[in-house]
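As written in TrEMBL, here are the features:
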TRANSMEM  88-112  transmembrane segment
TRANSMEM  124-143  transmembrane segment
TRANSMEM  155-173  transmembrane segment
TRANSMEM  188-209  transmembrane segment
TRANSMEM  230-251  transmembrane segment
TRANSMEM  271-292  transmembrane segment
TRANSMEM  340-361  transmembrane segment
TRANSMEM  373-391  transmembrane segment
TRANSMEM  403-424  transmembrane segment
TRANSMEM  444-466  transmembrane segment
TRANSMEM  487-505  transmembrane segment
TRANSMEM  543-562  transmembrane segment
Amino acid sequence: MTERVRSRHKRRLPHTSEDVMAFEPDVDFSTAGGHFPRVFLRQDDDGESSDGYGDEDLQHLLPDPNVDPNANWFKRTHATLKGDISSILLLLFLYLLQGVPLGLIGAIPLLLSSKHASYSSQAIFSFAYWPFSMKLLWAPIVDSVYSKRLGRRKSWMVPCQYLIGAFMLYLSFKVNDIMGENGGSPNVVFLMLIFLPLNFLAATQDIAVDGWALTMLSKKNVGYASTCNAVGQTAGYFLGNVVFLALESAPFCNEFLRSKDNQQDTGMVDLAGYVFFWGWVFIVTTTLVLILKREVDMSIPSNNTTASGEPAPEDEELELGVVESYTVLYKIMKLKPVHYMIAILLTGKLAFAATDGMTSLKLIAMGIPKDRLASIAVFLTPMQILLPWMIGKWTAGPRPLNIFLLAFPYRIFIGGVFAALIWWTPHFQLPDGKFEYSVYFVWISGYMFHQLATYSMFVSMMAFIAQISDPRIGGTYMTMLNTLNNLGGNWPVTVVLAVTDWFTYKDCVVKGSKDVLYACNTKVLADQCAAGGDVCEVAIDGYFISVAACSVIGVIWYKVFFNKLKYLQKIPRAQWRVFPSRAVAN
């Protein structure tokens with residue numbers, strides 16, 4: 001790394017797209033503003049943190065002395081956010097836009113399942129999820145290459161959002177044919193090839209918006225960037241997934257949104273119309289942001305700027321070239337503790353791949369309406385927002401992975417419970433094909449316990465990653481580990497979906513009897529069986545075999561990596577650093 005960049009490392013913490021996540025582990029509800037993230041740093045007797053970082057780097061995390069601590073929550077929050085409210089609203093909207101295509105992509109497997117797509121077809125489409133797990137490959141380019149005239153973040157955000165809108169408009173004219181709405185079968189490969197670049201653009205927009213959030217907000221409120229991310233993405237996913245599936249469902253619209261005299265065979269919207277609407281939303285709102293919003297670095301106090309309004313040299317935003325960014329990544333990956341982390345992040349979620357990737361598809365296949373299944377998210381969304389804050393107080397200390405180790409076997413157990421519920425659910429199907437309301441209550445309860453285990457592991461791992469990431473290159477460090485964490489959740493689901501069909505055996509049975517005519521494992525044979533008036537029934541369900549295999553792998557993984565996870569918590573944080581601490585450097 002050049003001396004120029006090396007000197008900047010000594011002057012200030014980096015200003016990169018993932019820095020804010022380093023201050024997520026704990027929540028102090030006593031500070032002004034209500035939810036104010038802070039980092040756990042153990043103080044020595046001289047006031048210095050044990051990792052060599054003095055209090056000057058954490059001053060912006062202290063409560064604002066200008067805010068009356070005795071005022072009510074609303075007044076304290078308004079005073080704390082003064083000057084940043086419009087920026088927070090804009091960030092919420094930008095993250096909401098990002099969540100919409102993610103929600104639509106999440107709805108496609110349910111639509112494919114309702115059209116009896118095989119697990120192999122679902123595995124092909126699952127590649128559309130991969131860009132968020134691979135964005136580390138191009139994140140340094142997004143951070144380093146930009147137009148000064150347009151702005152560092154708008155140089156990428158604006159084109160990405162325009163392209164997302166254009167993709168959606170194009171998709172709206174083709175999606176009915178692709179999904180087989182005109183009498184054919186869904187073209188899963190082409191569907192994946194359409195949604196893959198859509199998700200790539202959303203991932204690139206995420207990199208740009210994360211970076212903009214750190215300069216759009218003042219330094220004292222930069223911690224709210226992650227809150228905007230979580231709330232905005234959750235709301236966008238809800239609109240793109242749950243709302244769409246409800247409005248697309250004829251039974252839901254007839255029961256809740258239409259009068260008895262206006263019953264119809266279709267929902268109020270279809271996928272083509274919904275995508276068309278959001279395509280124009282992207283184009284119009286992006287144009288407004290391009291024209292009305294300037295990039296101004298609000299993280300630099302006014303008394304630290306020059307007469308022209310530019311940041312003072314000592315507060316200049318850290319900028320790494322593309323080559324320097326990739327060099328830093330290489331140095332991080334050479335660290336011995338990081339080798340263990342890569343193995344843990346890439347393999348740990350294989351234990352839950354079958355449960356996470358196939359349970360909802362099984363429920364759709366056995367006759368539960370996709371809109372009813374999606375409506376479970378109405379009950380889960382509040383939990384998804386509150387759980388990270390509730391779990392945070394147990395993961396803010398020096399041993400955050402203890403929660404991960406407690407939740408891991410519990411989550412394996414939940415996978416077994418889900419398999420039992422999948423076996424149990426068909427027994428409560430009514431003669432008209434519907435299910436008793438008690439079935440939905442049981443599944444809502446099951447998913448709530450599942451979310452508790454999932455978020456305990458997620459928050460625990462994120463807290464540990466935040467602690468071990470070198471703050472001076474936190475963006476690069478955090479992006480790498482978070483990307484590996486996402487990839488570790490995606491590849492097992494793709495593999496399990498691809499192989500489950502191998503374990504599934506179906507027999508063509510004479511309708512109304514138990515006489516087996518022949519095996520109907522392929523779609524051609526299944527269609528032949530149905531054409532003859534017989535029934536292609538599942539004799540051996542690969543779902544249960546996959547869940548059992550993943551659970552066994554999970555138990556073995558837990559035994560192998562338990563002591564290693566304990567060890568990684570105990571080693572000095574300095575062993576995770578690429579560069580010496582500032583105390584040594586100075």
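Each residue, glycine too, has its Cβ placed from N, Cα and C.
Looking at 188-209, 373-391, 403-424, 487-505, the range that has the most CB pairs within less than 8 A of the transmembrane segment (340-361) turns out to be 487-505. Here the transmembrane segment (271-292) sits against the transmembrane segment (155-173); at least 3 CB pairs are under 8 Å, leaving out pairs fewer than 6 apart in sequence.
Counting only same-chain residues 6+ beyond the ends of the transmembrane segment (124-143), those with a CB under 8 A from a CB of the stretch are 16-17, 105, 108-109, 112, 156, 188-189, 191-192, 195-196, 198-200, 202-204, 206-208, 211, 320, 322, 325-326, 329, 357, 475-476, 479-480, 483-484, 486-487, 489-491, 493-494, 497. Packing against the transmembrane segment (230-251) from elsewhere in the chain are residues 91-104, 106-107, 110, 264-271, 274, 278, 369-371, 374-375, 377-378, 381, 384-385, 388: each is 6 or more residues past its ends and has a CB under 8 Å from a CB in it. Taking every recorded stretch in 88-112, 155-173, 403-424, 543-562 and counting its Cβ pairs under 8 Å to the transmembrane segment (188-209), the highest total belongs to 155-173. Most Cβ pairs within less than 8 Å of the transmembrane segment (403-424), among stretches 88-112, 373-391, 543-562, belong to 543-562.
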